[in-house]
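These features come from TrEMBL:
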DOMAIN    5-45  domain 'F-box'
REGION    346-397  region 'Disordered'
COMPBIAS  374-385  compositional bias 'Pro residues'
Amino acid sequence: MDLIPGLPNDIALGCLIRLPVDQFSKAASVCKNWNSEITLPEFRRRRKFSGLTRPVLPMVQAMVATVKKPQGDTIISSTQIYRLSVYDPENGSWYDLPPISKLIDGLPRFCRIVGVGSDLVVIGGCDPVTWRVMDCVFVYNFISGSWRRGSDMPGQQRLFFGCDSDSDRMILVAGGHDEEKNALKSVMLYDVVKDEWVTLPDMVMERDECKVTFHKGKFHVIGGYPTWAQGHFEKNAEVFDFATSRWSLEDEFLSVMNSSPHTCIEGDDGRLYMCQDGDVAVKEHATWQKLAKLPVGVYNVAHLTACQGKLILVGNVQFDELQSAYALDLRSDGKVKKWTKIETPDEYSGHVQSVDQPDAPVHRSSQPPHRRCPSPPPPPPPPYQPHLRQPWETQPE
């Protein structure tokens, strides 16, 4: 049967692959033929070959509340309820992903999100009500627009671990700490396609709050600290070689000691970027060099990621303030590169816990900034009852 009556199938397929990513789930529900075609792996490969894939940035972000004071003033503040919001840098739009039905109280606190293939994977975290450490895995498919439950993360309880993907099908989970706050050096690999976990050899060192980055075709576990160090970050990294199934230690991987590596990312150009001491630095060969100052007024950086030749930064002045996003064009001429503030609706100015850089079909991962131990959320500000804003609905193009 023809995909579109009256058109050759190759032309009809050319029309389908040009749909915006947020319309795939709607298109797949039109008829069985479209559903079968859109869900084929070949469909994504054809989109990618045609240069039609584009990155989007999902974020684990707090919903915001509006509070009206007796004087009549209205303020906006972050709540303790987290959901997945998405920024599309191609057209500057923001929207929400569907909620996970089993998580009625919002996303787990301190969970990790990782993009791999056409999927976005949510791993671990803490129950937002009981603070129980969770090992659950949920997978969102951008093509079908639906969630599925993955196999739970095996082994002991694990929190504040690092993770990243190879952009194809594998996710590496490393380090973190157990229920006794002991730093871990164990490592696991998750195959998203097979929905299987595999245990890898332990790292050389314990690494709590480490950062995992897939760099130059290999998984790098960067920084972190052992149990006895309690928040004093190492500046070395470990690299896993799948050919030998061994870890190698790289000393002096970071430029300074006691610096959280949570902003260390690989850019589109294959170089490493990181925020440190009020600057964004780039690693040229084995040396870190200053690239640009942080945006004016930004002191706390929640996350840094790379997208379409730009760096995207999410941050604020103080921890209790709403967050803003900025872009730095790495392709711009001139030695002094300037940040551009990204227009952000109030609904999407809540605290950002974690950001990913998928390509809807997705890739890359992220994790929240340094925080040693979870603590109960603060009570809502009495005597006012905040009203939760409704998330934006995705608008068809």
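Glycine is treated like the rest: Cβ placed from N, Cα and C.
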Field: Tally of DSSP helical, extended and coil residues in the domain 'F-box' (5-45)
entry: 28 helix, 0 strand, 13 coil
Message: Return the average pLDDT for the domain 'F-box' (5-45) as a whole number.
response: 81
